[in-house]
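Visitor: Quick one: this structure, given as C-alpha cells, is what I'll be asking you about.
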Amino acid sequence: MAVTHRQTKTGKVKLSLTDKAYNELKRRILDNELPPGTQLMESELAELLDISRTPAREAMMRLEVEGLVEVRARHGMKVKPISVSDMNEIYALLTGLESTAAWQAAQIDHSKKTLDALRQTVKEMDDTLVNGDMKAWAAADEAFHRQLVEMSGNQRLIQIVHRLLDQSYRVRMMTLSLRPKPAKSNEDHADVVDAIVNKDAEEARRIHRIHREKAGDMLVGLLKKYNLTQL
C-alpha cells in the first residue's frame with residue numbers, strides 16, 4: 001500500500017494525517033468493516049476516524065482513484081461493490097500483467113535473500129494448508145503474488161497490480177470458505193519459483209498465465225454458482 005510520508009530528524013517515518021486516514025479507511029473497506037454500499041458524509045467519516053474534514057476528504061479522493069469508493073459532491077462517499085463483470089475484468093488484467101511480471105523476473109539476477117523469501121512464502125502456503133488455516137493461506141498467497149510482481153522491477157506494473165489486488169481482496173476473502181482446497185495453486189507457485197531460479201522466462205510466464213486463468217475462472221464460477229452477483 002503506497003503512502004506519502006516524510007522523514008523525521010531521527011530518521012523515522014512520520015505519516016501525515018491524510019496518510020493515516022487513508023490507511024485506516026482502506027483497511028476498514030478491505031476488511032469489510034465498511035461493506036459495499038456503505039455511504040458516509042465527509043463529516044461522518046471525519047468523526048469515525050477522529051480527524052478533521054480536510055484529511056478525511058483527501059483520503060476519500062485517493063481511494064476513489066484506486067477504485068474502492070465513489071465520491072459524490074455534497075453526498076460524501078460510497079463504498080463501491082464488486083460485480084462478476086468487475087472480477088472478469090480484474091482477472092483478465094492480472095493474468096496478463098502478472099505473467100509478464102514472472103517473465104521479467106526470470107530475466108533478472110536476484111539475490112539469494114530475495115529468492116529465499118519467495119520460497120519461504122510458498123512453504124508458508126504449504127504449512128497453512130496442512131493446518132487447515134485458509135485465512136493464513138490466503139495471506140501467504142497474496143504475499144506471494146505481491147513479491148513476484150515486485151521482483152519484475154517494473155514499477156508501473158507493480159503499482160497497477162497492487163491496485164487490482166486491493167480491488168479484488170474483499171471478494172477473495174468472502175469466497176474463501178467456498179473454494180476447493182488450493183493444493184494445485186501451491187504447486188503452481190513452486191513451479192514458477194523454479195522457473196525464475198532457472199531463468200526460464202517463457203516457462204515462468206506460461207505457468208503463471210495458466211495459474212491465473214484457472215484462479216479467475218474458479219472465482220467467477222463461485223460467484224455465479226452461489227448467485228453472488230455483487231459484493
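Using N, Cα and C of the backbone, Cβ positions are placed for all residues, glycine too.
Taken from TrEMBL, the feature domain 'HTH gntR-type' applies to 15-82.
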Visitor: For the domain 'HTH gntR-type' (15-82), what are the DSSP-based totals of helix, strand and coil residues?
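Guide: The domain 'HTH gntR-type' (15-82) comes out at 35 helix, 11 strand, 22 coil.
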Visitor: What is the average pLDDT across the domain 'HTH gntR-type' (15-82)?
Guide: 95
